[in-house]
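Structure, as structure tokens:
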Protein chains: 2
Amino acid sequence: MTIETLTETRSHGGTQGVYSHASTETGTDMTFAAFVPDHEPGETLPVLWYLSGLTCTHANVMEKGEYRAACAKHGIAFIAPDTSPRGDDVPDAPDEYDFGKGAGFYVDAVCHPWSKHYRMRSYIESELPAVIAKEFPINMQRQSITGHSMGGHGALTIGLRNAGRYRSISAFSPIVAPSHVPWGQKAFARYLGDDRQVWREYDAIALIEDGARHDNILIDQGTSDNFLEEQLQTYRLSSACKETGIPAVIRMQDGYDHSYFFISTFMADHIEWHARKLHDKD
Amino acid sequence: MTIETLTETRSHGGTQGVYSHASTETGTDMTFAAFVPDHEPGETLPVLWYLSGLTCTHANVMEKGEYRAACAKHGIAFIAPDTSPRGDDVPDAPDEYDFGKGAGFYVDAVCHPWSKHYRMRSYIESELPAVIAKEFPINMQRQSITGHSMGGHGALTIGLRNAGRYRSISAFSPIVAPSHVPWGQKAFARYLGDDRQVWREYDAIALIEDGARHDNILIDQGTSDNFLEEQLQTYRLSSACKETGIPAVIRMQDGYDHSYFFISTFMADHIEWHARKLHDKD
């Protein structure tokens, strides 16, 4: 298990790197971005995972996410994985932006031909954390997770399934109930098959219905997001949290859309909130 | 003189817009980005101009510049023009990243075939400010200017030629002496011809030698910038300012390169510095 450094660039008093490694889960090379603030020799830093949305790679948030100043201020590393396996050998649906490459939906696919490479759940939950722990100055006892849209779905489901690992979960305009909306129904039917019982592990609302809990959840959702009504349906998460007593903070942000113009606006706020958990201040 | 709104997006407590208008100077449609923080009805805001570098459009800084939070905090509008005329009718050197489209060098070209459209000096100095004054809630008595690389050259030369108009001038890794470096020599020879006397109006060092002065100049330059030695030669500006008593602040930033990872690191600091001049705090 070795990683290749593609680029390392000084930014905001730290190092913004892009790295590649051979993944056994996906059977491909996988690329990720990591920002590591300057730190003392031997010091390890808490980490915030950021899972990206449909069509994105590691690069979108790295270029547009405006996270480095806040991460440097709070001494937090920031890891941004890719959203799917890549490469000529990986099956794809090239005419569909919401399925195949760029649209892994953070599941371990079970249906042919997707099951061989599309194993983003295990990649994000297990393989990549082991790489990070080995190669970077990270304190793996201090992890939090966030994400955008499909990546907000990833952050919520991975966070809820591994509540003890992540001190806090946040999301920007997440898909909260993929089983109930077109993006999720399309992807799950093809990656996971028709048995909706299997889908429940990948649906934040179903996980909560089935008993998953977390005490630190923060959501920001723009009211002018074109996907809010059909694909995101934030109200379902509000209802599920109310019914189960999960003290989630769900904020509707007036006039904001689904883009990085929205994400970047609230990124520093999310990082500060995670930092309080990661540094034992809350 | 009307402008077309291409996009307007809510971000950081303001509106990030992209606009287009028919330019009489360039004889083309010109696109620019403008961020306007929320403000009271009837209120006008100071403005910071940002001139971009080689190969860029308005979009690079809009996506990667990390200026909106600071502009919103300080109540300053931010205008980012394009770097050259565009369109099928505009002559170009498609195999050269440092000449033609994306490389207007903020000059009024005098040589055929460039002179018809490549009039970025007059566009930035005269035409676009008139558009902005008419269409946006800007206090044109409170202007400052900044830029990156070729745009740093633009900010310095436009600022020095119009010292009374701009309260402060800053730049990120600027070309300070285009007459002495390959990028500038190539562009000036083809846009302006062989008479080096004509070049002096477009060379910050020559302008200072010829008497131009400004009391508020701030430069940030990365020490790991690959272009520093051959194309930027920051020491020439340091020397010219020392010799003439211009109190420029020129900071060499250890380990930073030429990219937006560098620019974004110091953007908020530049905006805060400009804000002190624009709001009469210095």
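Every residue, even glycine, has its Cβ placed from backbone N, Cα and C.
A TrEMBL annotation is a machine prediction, not a hand-curated record.
It is B:1-22, from the ranges B:1-22, B:133-154, that TrEMBL records as region 'Disordered'. There are 25 other Cβ atoms within 10 Å of the Cβ belonging to B:Ser149 (active site, charge relay system).
Counting only residues at least six positions away in the same chain, the Cβ atoms of B:Ser173, B:Leu232, B:Tyr256, B:Asp257, B:His258, B:Phe262 sit under 8 Å from the Cβ of B:Asp225 (active site, charge relay system).
Residue environment of B:His258 (active site, charge relay system) contains 21 other Cβ atoms, counted within 10 Å of its Cβ in all protein chains.
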